[in-house]
């Protein structure tokens, strides 16, 4: 139970951080909504992720694990379908200019936004978990 609460808290913080910095992931700004979404996300990771990994095993074997990220995308998609407080939307990242170096505006559709949100959530969660275990 203690491990579940710790992972739920880490997932809640990850959802909050990613939604604050990435415009494609929208989470209700209420504390109860974020904590509830983190708990449901942890529960989905416990229950659904092993099944998804088992179903994607042939693809992972053929590609030598290159499609392991697909399970995280499907888990995030499941979370957005279950909860109305979490949604992934097409994102527009504004242009950036620094000392003559210009990065143009980037517009992403729903699938790209879902993949990037999933990657960022996984990265922030792993970073927080690593920082707290050291």
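Backbone N, Cα and C define each Cβ position, glycine as well.
Remote same-chain partners of the transmembrane segment (30-48), defined as residues 6 or more beyond its termini with a Cβ less than 8 Å from a stretch Cβ, comprise 4, 7-16, 75, 78-79, 82-83, 85-86. Taken from TrEMBL, the feature transmembrane segment covers 30-48 (among others).
Sequence annotations record features per position, and here TrEMBL assigns transmembrane segment to 69-93 (among others).
Tertiary proximity for the transmembrane segment (113-132) is limited to same-chain residues at least six positions away from its ends with a CB under 8 Å from its CB atoms, namely 10-11, 13-15, 17-18, 21-22, 24-25, 69, 72-73, 75-77, 88-91. What TrEMBL lists as transmembrane segment is 113-132 (among others).
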